[in-house]
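Annotation comment: Swiss-Prot describes Asn69, Asn212, Asn344, Asn451, Asn465, Asn786 as N-linked glycosylation site, evidence class sequence analysis. The disulfide bond annotation in Swiss-Prot covers Cys439-Cys475, Cys445-Cys476. Feature annotation from Swiss-Prot assigns glycine binding site to Ser531, Ser533, Arg538, Ser701, Asp745. Taken from Swiss-Prot, the feature D-serine binding site covers Ser533, Arg538, Ser701, Ala702, Asp745. Per Swiss-Prot, the feature transmembrane segment maps to 575-594, 642-661, 833-848; the stated evidence is similarity to another entry. Among the features that Swiss-Prot reports, topological domain 'Cytoplasmic' is placed at 595-615, 628-641, 849-1003, with the record citing a curator's inference. Here Swiss-Prot flags 883-912 as region 'Disordered'. Annotation comment: Swiss-Prot describes 891-906 as compositional bias 'Basic and acidic residues'. Residues or ranges marked as region 'Involved in the trafficking and surface expression of NMDARs' by Swiss-Prot on the basis of experimental evidence: 952-985.
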Amino acid sequence: MECVQTLWLSLALALARGSWVVRGHPQPCGVPTRAGASVRLAALLPRAPAARARVLAALATPSPRLPHNLSLELVAVASPTRDPASLARGLCQVLAPPGVVASITFPEARPELRLLQFLAAATETPVLSVLRREVRAPLGAPTPFHLQLDWASPLETILDVLVSLVRAHAWEDIALVLCRVRDPSGLVTLWTSRASQAPKFVLDLSQLDSGNDSLRATLALLGTLEGGGTPVSAAVLLGCSTAHAHEVLEAAPPGPQWLLGTPLPAEALPKTGLPPGVLVLGETGQPSLEAAVHDMVELVARALSSMALMHPERALLPAAVNCEDLKTGGSESTARTLARFLSNTSFQGRTGAVWVAGSSQVHVSRHFKVWSLRRDPLGAPAWATVGSWQDGQLDFQPGAAALRVPSPSGTQARPKLRVVTLVEHPFVFTRESDEDGQCPAGQLCLDPGTNDSARLDALFTALENGSVPRTLRRCCYGYCIDLLERLAEDLAFDFELYIVGDGKYGALRDGRWTGLVGDLLAGRAHMAVTSFSINSARSQVVDFTSPFFSTSLGIMVRTRDTASPIGAFMWPLHWSMWVGVFAALHLTALFLTLYEWRSPYGLTPRGRNRGTVFSYSSALNLCYAILFGRTVSSKTPKCPTGRFLMNLWAIFCLLVLSSYTANLAAVMVGDKTFEELSGIHDPKLHHPSQGFRFGTVWESSAEAYIKASFPEMHAHMRRHSAPTTPHGVAMLTSDPPKLNAFIMDKSLLDYEVSIDADCKLLTVGKPFAIEGYGIGLPQNSPLTSNLSEFISRYKSSGFIDLLHDKWYKMVPCGKRVFAVTETLQMGVYHLSGLFVLLCLGLGSALLTSLGEHVFYRLVLPRIRRGNKLQYWLHTSQKIHRALNTGPPEGQQERAEQECSGPKEEQPAADGAGRWRRVRRAVVERERRVRFLLEPGEAGGDHPWLCSNGPGVQAELRELELRIEAARERLRSALLRRGELRAQLGDGTRLRPLRLLHAAPAES
C-alpha cells in the first residue's frame, strides 16, 4: 500500500514538471518575480466560497513588521481544481518566485494532506496546513517542513482528555469501542503511547452487519459476568457520529463506565435511552477559522523575526525553489533554518497558547467540559457538568462531589439532599428545640458554626444516631422553610438542613467564595434556601432557580423625638386658618352689633331701652367666649337675627375647636423627625457630612451592588456595616444611635419596620436595584429546571401569595389598636408655647392697665371738652357713661367742697343737709339712666353745679313744674281707669281719688 502511494505521488510530481516546461500554468499566479525589501508568505485558498471569504478577511489584517526593515507580504493564490497534479503545479508556481519563504494551505481531504507533506519534504520549504480533524490521519514519520494546525480538536488532544479521566477515576482495564476509524491499529498505538497501557479489549464495530442484534452480541462481551464483576472498568467510544453513538449506548449492557470520545455540543446531548453515569466530552470556546489563520501568520512572522536577528543574511536573501531541479539545500539553507525556528516558537495568540510539538504539530489552547448523565430527584435523566479540561489539566467542579450518584435501576428510595440556609426574618427563623432535641413545629436544623466538610459529615452522621449535642440542634421555620417543605413533598425527596457556618450570603474574598456560595461550590450542600439574592457575580459560579420573591434595595432610618417649639400648639391649624378664624370672629361681632342696633327689639336705647346696651365690645366678648368655650357673664343679642347669627357662630366654633383638639394630640405627641433621604443618589450618601454614618450587611448583595456602582460610598460605609440584618437594625435603634441609615433588601426592612414595637423605624427614598430571591444550586445541577418549574406552578396557583400573606401580614405602625392602659401623655415641653403665651398675656395686661389710666386721665378729658365723638353707646357703654355723665364721685365731692367753701362759713341747717342728700340721690339716679335719653335731652341745661350755688331756686321751680305735669297726667289716667271699671261693674273707683286727693295735700 505504501508503495502505491509513493508511486502516485512521484507521478503527480512528474506531471507537474512536464506541465511547467511545456506550457506553464494557464493563469498567472500574481507572485512578484523579484525580491525586494519584503519576504512573502503564500496562501493557497480553500475551495469553498464561504471558507475562502473568511480566510481572505483574516489575511487582510496588517502583517507584523520584521527586523532590518523587512516586511511580510501575504499573497493569496486560488487553485481551480483540487486533483493531485493541479495541486502540485499550483504549489510549485507559488514557491518558484524569489522571496517566498513559506505557504499556508487548507487541505480538504487526506490525499491532499499526503501530497502537501510529500512536496514540503521534497522542496524543503515550510508548508503550514490548517485542517479539520476529519482530514487527520497517521502520515508516517513527521517532517519539520510540514506543520499542521488542527482547527477542530485533534485526536491526540481528545485522547489526552480521555486518558486524564481514566487516570482520575483509577480505571485500569479499558475497552476501546471503534465505530468508523480508518487506521484502528494506529489509533490503538496512539492510545497505548498516551495512556502508557494497552487497552484490554478493542471492538471494531465498522465490520458489523446492520442491526441491533449483532451490535448487542458484540457489546455483550463488556457486560456483567456471572460472578457479578465486569471484564473492564470503562469503555471508550471513539469515531462515532451522534446518531451512531446513541445506538451503541442504547445497546450497551450494564456494567462498565462509558465514555463518549466524540466532542458534542450541549444541545446535541441525548437524555433518553443512555446508561446512567455516561461521560461525554464537549469542547467550549472552539477557535474560529480567522483566529487560526491569524495565529499561523504570526507564527511565521515570529520565526522570521528570530531568524533575522540571528541570521540576517539568510532572512534577507531567501532562495527560490525550482521543482524541475530539486537540490538539497544543506543544513545552512534558509528553509531549514526557518523550519528550525518554527519548531521552537511559542506565543499567546488569538486561539490561546500556541506552540509546536514534535516539530510538526501546532498546538493551540483547548478547553473541554465533562458532562455526566445523572438523575434528578424525580428520577428523570439530566446532564450535569462534573469537570473541565484545559491545557492538560483536569479539574472537577467543586459541586460535582455533592451531586447524587445515580441510584441503581429499580430502586424506589427517596433521595436525600443537604440544604444550607441562613437566618433572615421572616424567611428563616430559629428557636431552641424541646427537651428531647426534636421540633414539634418547623424543621430540625443544625447550627454547626463551621464550614468544614468533614465536621459537617460527622455531625449529620451523629444526628442519625441521636448523639448530636442539644446546643447544636435548632428548629427552623419561616417563609423559605414552608416553600422547601412543599417542594420536598411535590418532588419526593428528603432533606437535611443546616445553618451556614460563617453566617454570610457569599462574596469573593482572596480568590475564594464565602458563605452560601462557598458551601455550594465546595460540595457541602445540594442547594441553598433563604433570602438568596440573584446577581451576576453569583450567577457565574452557581445556578439559581426562577425567583420566588421579587424585591429591591431600600434605606431604613430611625425617627427621633424632638422638643416642640414655642409655637407648636398652633401646628394643628395652618396659619391661614388662624387668620381666617380671628378675621371671622371680628366680622361676626361687627354684624351682631349692626343687626342689634338696627332691630326694633335690640338691646339699645331705641329698642328695649333697658339699663344695659349691646355694644361692639359686648359682641367681641360674646364671640371670644363662644370660640374658646368659656362660661362667663356676657350680654347676648335680643333680636332674632342676632340670635341666629350667634348660633351659627357657635356651630362654626364647635367644628373648628373639634378639629383643633383632634389634631393637637397627633401633632404634639407624634412630633418626630427623621433623616430625609431621596434614594441611593442622595447627596447625603455620596458626600456624607461629619458624623453621618450608614452601612449594610457584609458580603450581601446590597454591599456588592454599592461596591460595583459607587466605590467611594462603599469605602465610607464599609467600617459601619454589620454582620447581619438584626445587628444593623440594633445599631440603628441604639441610644445613642450608631447608624443614621441602614441599606438592605427592602423586603427585610419592611418586616423590621412592621415588627417595631416603638414605631421608631421607617423606610425612606425610592427603591433601587430590583432583584429577586432564588434557590441556589451548583452549576448544571439537574435540580435547577425541576425546581424552577414547580416554583412557577406555585406562583400560578397562588401558593406564593399565601406564603406572603402568612409571613408579611403585620399591622404597620400608625394603624395599631393600643391597649386600654396605654395613653399618650403630653409633657410641659409639648405645650411650652401656651405657658409663654400666658406669661406674655400677664405682661400685656400691665400695658392694658397703663392704657386705661392714660385714656382716663388724658384722652377722656380731651374728648369731653370737645363737641364731637360724644356718642359711644354702640361701641362701649363704659366710655359713653364716662363722657355723658358728671365727674366721678371723688372728683364731684372735691368740687362740692370747693364750691361750699370752708366749713365754718356754711350753716349746718337740717333742711339744707336733707336737701343736699336728696339732690345727690337725684344726681346718682340721673347718672344711671341719663344714657337712655336722646342726645338733645340728655344734654339739656342743668344750671346747678354746686348744692349751695345761686341755681337752687331755679332748680326747685323746674322740679315743681315737672311734678305738677306728672300729676296731671296721672290724674287723667286714673279717671280713665275708673270709667272703664265702672263699665265693668267694679266698685273700686274711690281708690284713685284718694290718691289724687292725697297728692295735692302733700304738695
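If you go along the chain as it appears here, the first residue is 1 and each next one adds 1.
From the backbone N, Cα and C atoms, a Cβ is placed for every residue, glycine too.
Note that the coordinates shown come from a computational prediction; the quantities given were computed from them, not determined experimentally.
The D-serine site in the record is lined by Ser533, Arg538, Ser701, Ala702, Asp745, and its two most distant CA atoms lie 17 Å apart.
Listed in chain order, the residues near the glycine site other than Ser531, Ser533, Arg538, Ser701, Asp745 are Tyr505, Phe532, Ile534, Asn535, Ser700, Ala702, Glu771, Tyr773, each with its Cβ within 8 Å of the site Cβ centroid. Residues 614-616, 618-620, 622-624, 627, 637, 642, 645-646, 649, 652, 656, 874 of the same chain lie 6+ residues outside the transmembrane segment (575-594) yet bring a C-beta within less than 8 angstroms of a C-beta in it.
Looking only at the topological domain 'Cytoplasmic' (628-641), the predicted model's pLDDT averages out at 74. For the recorded site, Cys476 (disulfide bond), the DSSP three-state label reads strand. Each of the recorded positions Asn344, Asn451, Asn465, Ser531, Ser701 was scored by how many other Cβ atoms lie within 10 Å of its Cβ, and the smallest score goes to Asn465.
Of the listed recorded positions, namely Ser533, Asn786, the sparsest Cβ surroundings within 10 Å are found at Asn786. Shown are the disulfide-bonded residues Cys439, Cys445, Cys475; the one with the most C-beta atoms within 10 angstroms of its own C-beta is Cys445. Cα of Ala702 (D-serine binding site) to Cα of Asp745 (glycine binding site): a distance of 7 Å. Cα-Cα distance from Ser531 (glycine binding site) to Cys439 (disulfide bond): 22 Å (rounded to the nearest whole number). Residues Ser531, Ser533, Arg538, Ser701, Asp745, recorded as contacting glycine, have a largest CA-CA distance of 17 Å.
Same-chain residues with CB within 8 A of the center of the Ser533, Arg538, Ser701, Ala702, Asp745 CB atoms, the D-serine site residues themselves not counted, are Tyr505, Phe532, Ile534, Asn535, Leu553, Ser700, Ala704, Tyr705, Glu771. In this structure, the C-alpha atom of Cys445 (disulfide bond) lies 6 angstrom from that of Cys475 (disulfide bond). When the recorded positions Asn344, Cys439, Cys475 are compared by Cα distance to Ser701 (glycine binding site), the shortest distance belongs to Cys475.
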